[in-house]
Amino acid sequence: MLKIIIPTIMLLPVTWFSANSMVWINITLHSLTISLMSLSFLNQTDSNSNNFSSTFFSDPLSSPLLTLTMWLLPLTIMASQHHLSKEPWERKKYFLFTLISLQLFLIMTFTATELIMFYILFESTLIPTLIIITRWGNQTERLNAGLYFLFYTLIGSLPLLVALSFIQKHMGTLNLFMMTYWSQELPNSWSSNLMWMACIMAFMIKMPLYGLHLWLPKAHVEAPIAGSMILAAILLKLGGYGMMRITTILNPLTKFMAYPFLMLCLWGMIMTSLICLRQTDLKSLIAYSSVSHMALVIVAILIQTPWSFMGATALMIAHGLTSSMLFCLANSNYERIHNRTMLLARGLQSLLPLMSTWWLLASLTNLALPPSINLIGELFITMATFSWSNMTIILTGLNMLITATYSLHMLAMTQRGKSLYHMHNLNPSLTRENTLMSMHIFPLLLLTLNPNILMGPTY
């Protein structure tokens, strides 16, 4: 584990001590090297972790998320260059320092063995994200978005701390390895039900669960491009990862307590997809699309079958890359037109044909076109929910239909049609942008050849 944690820590002094002209090159190249080193974690053939200590470990569930976290740092740095071009060098370095420290917290969160350490690091990711949103966001509403993000997360997390203290008192340990072999089942009483709720709600808010999702569109829309990418690709997945880790400990209560949440997720999945059809703001549409996809993941985790767990891990990774790419594309439009409204950004296909290709690929992966990983994840989840209750096929099928509709609507609105007069002198697409898009889409295409490395410990 230290082979990626120590080099990431060393990126912090590199940021401050590099010459101004070399900062972007140094940080991008070094972070890309670290992300290539982290690919070795995917080569874990069985569910036993070959790489653990008493502090950090990685297994087939955390490894894909770890690799995704590492892969995204160079991409966020590349995407932010235009956004920071007019800032003084001190602020650019401060921004990179914040990004790298967030990366460090995320790596340690995904690899923590103790639940209390996981909790501390889980909360630590809040601070750099909040700084990125409130300091580098575009509009003044970013302060309101930051407040929403902060209080939703904190209100959900405090009961988790109380529940973890309670478990520590009764079991004497919060080590994940020890707790997996804890044979004592929780009794079906009010106190146990409250403890289950306390453990789960922090992760439900982070995912987010429909009804507790209001912070997400605000945070996404107001955050700079790096903030949006990390929020969509990794911070939402922290909730899914935490739920997967903690629900296995809380059995058999999950079977009794999951029903209202399953209903809410299946209902919210349809509702947020319908909201996407009505959106005019491009970033807001992609944010609501994330809520819809994450509702599927919550359903899969609560059903607690091997197939649903495989579908959840596959969909989390696929959605991380897809939504991050869509935010990059929306940002490339915003940098040229300075507007997020889809009606004012029509006909881009004739002006930026290569960018239009990236739009097509991103939209098709978002609507889960075969043979993408998104489809594999959604099919596994659909089959798992169908075996849980036959009626759910109506809702999951309808969700797939609406997802395809709004994805194609987004593509048609931005790329097709007659371009408006104010768009005729746009800057052409840059090599940096095309590299950025290809580094999002190629992992998605390559993973279709060998999806089993994403399927988690139940594969």
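The count begins at 1 with the first shown residue.
Keep in mind that glycine also has a Cβ here, set from the backbone N, Cα and C atoms.
The transmembrane segment annotation in Swiss-Prot covers 60-80, 94-112, 116-138, 147-167, 196-216, 224-244, 256-276, 284-303, 308-330, 351-371, 375-395, 436-456 (among others).
Tallying C-beta pairs under 8 angstroms between the transmembrane segment (147-167) and each of 116-138, 284-303, 308-330, 436-456 places 116-138 first. Stretch with the most C-beta contacts under 8 angstroms to the transmembrane segment (351-371), considering only 196-216, 284-303, 308-330, 436-456: 308-330. Looking at 116-138, 196-216, 284-303, 308-330, 436-456, the range that has the most CB pairs within less than 8 A of the transmembrane segment (375-395) turns out to be 308-330. Counting Cβ pairs under 8 Å that are 6 or more residues apart, the transmembrane segment (308-330) and the transmembrane segment (60-80) reach 3 or more and are in contact. The transmembrane segment (256-276) is in contact with the transmembrane segment (196-216), judged by 3+ CB-CB distances under 8 Å for residue pairs 6 or more apart in sequence. Counting Cβ pairs under 8 Å to the transmembrane segment (196-216), the top-ranked stretch among 60-80, 116-138, 224-244, 284-303, 436-456 is 224-244.
Against the transmembrane segment (116-138), stretch 224-244 has more CB pairs under 8 A than any other of 60-80, 224-244, 436-456. Against the transmembrane segment (436-456), stretch 60-80 shows more Cβ pairs under 8 Å than any other of 60-80, 224-244, 284-303.
Here the transmembrane segment (284-303) has long-range neighbours at 204, 207-210, 213, 216-217, 220-221, 232, 236, 239-240, 243-244, 247, 254, 258, 261-262, 265-266, 268-269, 272-273, 275-276, 309, 311-312, 315-316, 319, 323, 326-327, 330, 340, 342, 366, 378, 380-381, 384-385, 388, 396, 399, 403, 406-407, 410, meaning same-chain residues at least 6 beyond its ends whose C-beta is under 8 angstroms from one of its own. Away from its own ends, the transmembrane segment (224-244) comes close to residues 61-62, 65, 68-69, 72, 75-77, 79-80, 83, 95, 99, 102, 106, 109-110, 118, 122, 125, 129, 132-133, 136-138, 200, 202-208, 216, 283, 286-287, 290, 294, 297-298, 301-302, 309, 312-313, 316, 319-321, 323-324, 327-328, 331, 456 of its chain (Cβ-Cβ under 8 Å, at least six residues beyond either end).
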